[in-house]
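Copying in the features that Swiss-Prot gives for the protein in this structure:
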BINDING   127, 128, 129, 130, 131, 132, 133, 134  ATP binding site
């Protein structure tokens, strides 16, 4: 089977990830579980020669690893991670939906579109690896593209979803290809007149600092973070800084944060996967807790904040049960 046929078969079986190893049979992940794939492993190095340019191949050779994305036939796009291991080169491939999903299709909290109308501030999407953060960010961009007149600038590693400008002008930059780092790209973005900045990941204190500055100075910043809950996201941001900087960062975050959307995926009754959400909205009470370093109280605030649109994972689970999905 060629790669296009393998991907078509994977889509048919609701595969989320493909694992192609030079020395072992191919495997794929379905509903979160690894299984043997019913095809022979293609020549990984031949695939990389076809997919990567000279600069990317040089990076892979020098660093022993490379993140990239590639488009195949019929609008199918893959996010790839190539890495060297003791038997040769391996590929981990994430299948991306061929079309940008809508927030309603994801079952995202109904207050989210209202939050996206903010003219400035920081909205975080958090969760474990493979929890669908990139898909949710793509749905947010898709919503803005249909409902707002704005300039959206994305910084991604790699570029995953491809957007066609509709009401919005959308410009996508890839780390390592169009700019060297998230921090350098974000620093440049402040001079490129964006209304909305999408950051694929808040990786370090410099990027976090620049993101908070952008959020304070008239930009809506959408970004992801690898944490399993909203309160942990706030703690993670603050803990990225040395002790003497934590209080100023708390003050900055208390003023600029708009919301934290955390998510995870569960296997549903239809043998698919369904997203559960936790949403923290930065009300005056939440801002005070962040400013005072009392993030341990945020879970209780979320639990009692339904009247303003907040939701816990447990409440999201019960909603999915009511829908018949779980």
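Including glycine, each Cβ sits where the backbone N, Cα and C put it.
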Only counting partners 6 or more residues apart, tell me which same-chain residues put their Cβ under 8 Å from the Cβ of residue 130 (ATP binding site).
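Correct list: 16, 17, 32, 94, 265.
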So which other residues, same chain and not among 127, 128, 129, 130, 131, 132, 133, 134, have a Cβ within 8 Å of the centroid of the Cβ atoms at the ATP site?
263, 264, 265
Please work out the number of neighbouring Cβ atoms within 10 Å of the Cβ of residue 132 (ATP binding site), leaving out its own Cβ.
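Residue 132 (ATP binding site): 20 neighbouring Cβ atoms within 10 Å.
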Going by DSSP, give the three-state secondary structure for residue 133 (ATP binding site).
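Its secondary structure by DSSP: helix.
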